[in-house]
Amino acid sequence: MKTASKRFFQQRYLQLVRFLRGREPTVLLGLLVVVLVAWGFIELTDEVIEGSTDSFDRWAVRSLRDANDLANPIGPTWLEEAGRDLTALGGIAVMLIAIASTAGFLAINRAYRTMAVLLVSTLSGIGASLLMKSLFARPRPDFVPHLSHVYTSSFPSGHSMMAAVVYLTLAVLISPILRHFWLRFYVIAVAVGLTVLVGISRVYMGVHYPTDVLAGWSAGLVWAITCWLIAKGVNPKRESM
């Protein structure tokens with residue numbers, strides 16, 4: 001029995017070694033990120049379902065409001081307007097415009113494989129976000145007035161997830177065609193920055209808990225990298241534009 005079990009694990013180990021051998025470092029890093037972030041998403045979801053994060057979530061949302069009037073967010077009026085502007089960057093209208101504009105650019109340049117990766121990753125991400133929202137059906141924060149209209153449930157944050165899916169997908173599609181490291185770093189940093197700002201704005205607007213946003217970021221990152229890894233496996237050749 002022990003010999004058979006040992007042989008089984010040896011075979012699995014050899015299969016893993018053969019799979020990893022010859023893979024690009026970026027692919028291996030992507031796989032590692034997917035595993036770790038997916039594990040974090042599962043753990044966070046368990047904590048939210050059990051109610052372990054409720055006190056922190058409520059405290060975080062309240063801390064961004066005037067203690068004497070919960071209808072007013074902290075900070076000057078321009079900050080509230082900036083919050084509305086930033087949250088719009090993760091809205092469905094802006095996302096669809098960005099997707100369609102980029103897809104059109106890729107089509108004109110006959111980068112059809114890249115266009116397919118963009119469309120599959122982003123549009124399927126929208127569907128996944130809506131599916132998860134209906135599955136978990138977490139109520140929105142109801143103890144502060146919302147500064148933005150909402151139509152779906154709270155967990156995970158759809159704006160945060162879609163910002164991660166769309167902006168990070170655009171970044172990983174654009175960065176390979178840039179020659180200089182610092183240009184690639186800049187593109188990815190801008191994508192990450194936009195994603196972070198959209199998520200923070202959702203809590204500031206009182207329409208999401210921090211854990212909703214963390215879950216949205218995590219799910220969006222996993223979705224974007226997974227689609228990229230699948231595309232790398234199916235079509236390892238880089239298209240020129």
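Every residue gets a Cβ built from N, Cα and C, even glycine.
Note: TrEMBL annotation is automatic and uncurated.
Packing against the transmembrane segment (26-42) from elsewhere in the chain are residues 20, 215, 218-219, 221-222, 225-226, 228-229, 232: each is 6 or more residues past its ends and has a CB under 8 Å from a CB in it. Residues or ranges marked as transmembrane segment in TrEMBL: 26-42 (among others).
For the transmembrane segment (86-108), the list of distant contacts is 114-115, 118-119, 122-123, 126, 148, 158-160, 162-163, 166, 170, 194, 197-202, 205, 241: same-chain residues at least six beyond its ends, Cβ to Cβ under 8 Å. According to TrEMBL, the feature transmembrane segment maps to 86-108 (among others).
Annotation source TrEMBL lists domain 'Phosphatidic acid phosphatase type 2/haloperoxidase' at 114-228.
Annotated transmembrane segment per TrEMBL: 115-137 (among others), in sequence order.
Counting residues 6+ beyond its ends, the transmembrane segment (157-178) has Cβ neighbours under 8 Å at 87, 89-92, 95, 98-99, 102, 114, 117-118, 121-122, 125-126, 128-130, 133, 184, 187-188, 190-192, 194-195, 198-199, 201-202, 208, 212-213, 215-217, 219-221, 223-225, 227-228, 238, 240-241 in the same chain. Feature annotation from TrEMBL assigns transmembrane segment to 157-178 (among others).
If you look up TrEMBL, you'll see 185-207 (among others) marked as transmembrane segment.
Tertiary neighbourhood of the transmembrane segment (213-231): same-chain residues 27, 30-31, 33-34, 37-38, 40-41, 44-45, 48, 113, 117, 120-121, 124-125, 128-129, 132, 155-165, 168-169, 172, 195-196, 199-200, 202-203, selected by CB-CB distance under 8 Å and a gap of 6+ residues from either end. Residues or ranges marked as transmembrane segment in TrEMBL: 213-231 (among others).
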Composition by DSSP (helix, strand, coil) of residues within the domain 'Phosphatidic acid phosphatase type 2/haloperoxidase' (114-228): 86 helix, 0 strand, 29 coil
Distal contacts, the transmembrane segment (185-207) - CB-CB under 8 A, six or more residues away: 60-61, 64-65, 73, 83-84, 86-87, 89-90, 140-141, 144-148, 150, 154, 157, 159-160, 163-164, 167-168, 170-172, 174-175, 178, 213-214, 216-217, 220
